[in-house]
Amino acid sequence: MGNIFSSMFDKLWGSNKELRILILGLDGAGKTTILYRLQIGEVVTTKPTIGFNVETLSYKNLKLNVWDLGGQTSIRPYWRCYYADTAAVIFVVDSTDKDRMSTASKELHLMLQEEELQDAALLVFANKQDQPGALSASEVSKELNLVELKDRSWSIVASSAIKGEGITEGLDWLIDVIKEEQL
């Protein structure tokens, strides 16, 4: 009986479980800016991530270990080293970088084929919406062929890491899905 109440309490208000979330995407998409926007609520000066940044965030009564992995071509093959025990992937796309949308789509779908990520929820940030010429979230969704993702919870959110727009809404959706499906 106690286990039933404990389980219900955890589902409603969170648990002490630590969740691993990966922030992935091509170089220059805004991954590190999003990470630190989530952690400290402001924009910090960043440089290209060679390797990774990892921060622990408390959000909605959950402890999130958020791994921001570099997106350069030479680093992407190493993403798979971080897939184990991942609850969710945040994939960040530079909505102004139309020339690399097909590369972003290829990398996204390759990654999602990995067995270790089969149960991971996916949040896509169509980032840099504050920039002229940015594709809308629905246009980015089409470019990434997100409609092909049949057996996975996913969402795409228009965002501007610099202005802080869309970040909280996206993370709220992600945490709700994780609580519903994995906790």
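Placement of Cβ uses the backbone N, Cα and C atoms for every residue, glycine included.
According to Swiss-Prot, the feature N-myristoyl glycine maps to G2. The GTP binding site annotation in Swiss-Prot covers 25-32, 68-72, 127-130.
Structural mapping of features recorded in Swiss-Prot.
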residue	record	contacts (Cβ under 8 Å, 6+ apart)
G25	GTP binding site	K31, G71, F91, V92, V93, D94, A104
L69	GTP binding site	L22, I23, L24, K31, T49, G51, F52, I75, Y78, W79, Y82
Q129	GTP binding site	S95, A137, A158, S159, S160, E165, G166
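A coil conformation is recorded for G25 (GTP binding site) in the three-state DSSP classification, outside any helix or strand.
All protein chains shown were included, and the count of other CB atoms within 10 Å of the CB of K31 (GTP binding site) stands at 26.
Cβ neighbour count for Q72 (GTP binding site): 12 (other Cβ atoms within 10 Å of its Cβ, all protein chains included). DSSP classifies K31 (GTP binding site) as helix under the three-state reduction. Other Cβ atoms within 10 Å of the Cβ of G28 (GTP binding site) number 16 in total over all chains.
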